[in-house]
Amino acid sequence: MLPAVVMPSGASRGLAAISALSVDLPAGRLVHGNEGSEDLPALWVSEAPATAQLWVDLRRAHRHSGLWPLLLDSLHGDDRRPWDDGELWPADVSRPSAFDPEELLARWWSQYTETHGDDNLSAQERVAVTAPFGRQWPGLAAAAAARHDLGAYADQCAAELLAGNPRLRLGLVAADRPCDAITVAGWQGAVNYTNDTAELSAVLRSWETRFGAVVVGAGFAELYLSIAAPPTTIDHAVSVAAEHFAFCPDNIWQGPSPGLTAYAERLVDTPLWSFWWD
C-alpha cells in the first residue's frame, strides 16, 4: 500500500487561495458551472497553454495552497468546451467518500457484461471481451509496490502530455486530493455512464492508494493519470484491466484489440493511464 496523501492546509479556502499563491500565474479567469452560482466557481483556467515548469511549481505548492493543477484539453473542433462555456456541474455531484469503490466497480461490471436485445455483440462475443473472467466480477486487483515518487512522477507525465499536445491549458481546482479534482470541478466527461463524478473519484482514490495514481489532466471526455506503481506482470495487469473495463468500458470496447488480455498487455509497466468515454 502506498503512503497516504497529505491533506493541504489551504483547500478549505477554495479558489480564493489563488490570491495567496506563491507561484506567479499567467492570465486566466474563474469559470462557473452551468448552475450559474457566482459563489461556486468550478475552477480557474489559463488563457494560454501551460508549461511543464508551471505544472511542477503548482503541484509542489498544492500542499499549502490546496489548489491542484490539471492540464486541460478541449473537445476537438470546439476549443470552448467544456472549460470556457461552463459545461461543468460542481453543485450537482455528491462526495467520493459516500461510495465504496469495489461496490461501484462490481455494479458497473455487472451492467456492462449483460447481454441486451439490441446488442451489437452476441452473448458469446460479449463474454469473450471480458475473458478470462466472463460475467464474473473478479474483485479488486492487488496493490502494486511503489516504484516512483508520486509527485515527481506526476511531473514527468505532465511534461510528456505537454510534449504530445503543447496546446493544453492549465486549470486550478480547490481539491484536497488530486483524485477529487474532477468532482470538485463538476467535470462531466463520463456523463453517458454516470451523472455523479464523485463515483469516479471514489475509484480514483482506491487507485491512488494501490497504484500511485495521480490525476494529471482531463479533456472533454478524457482523463489522464500518472501511475507510480503500475502492474509489472501480465497476470496482475489482467486484473487491473478488469477494473479499467468496469470504470471505462469504451477503453476496451472501442480499443484497437477488444478484450481484456490484449488491453492488459499495454498496461504492464505503463506509467500513464488514459481513459475515453464515448
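Count begins at 1; order follows the chain as displayed.
Backbone N, Cα and C define each Cβ position, glycine as well.
Whatever TrEMBL says is automated annotation, not expert-curated.
According to TrEMBL:
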type   : residues : note
DOMAIN : 169-278  : domain 'DUF4253'
Please count the residues of the domain 'DUF4253' (169-278) that DSSP assigns to helix (H, G, I), strand (E, B) and coil.
46 helix, 23 strand, 41 coil
If you average per-residue pLDDT over the domain 'DUF4253' (169-278), what number do you get?
96
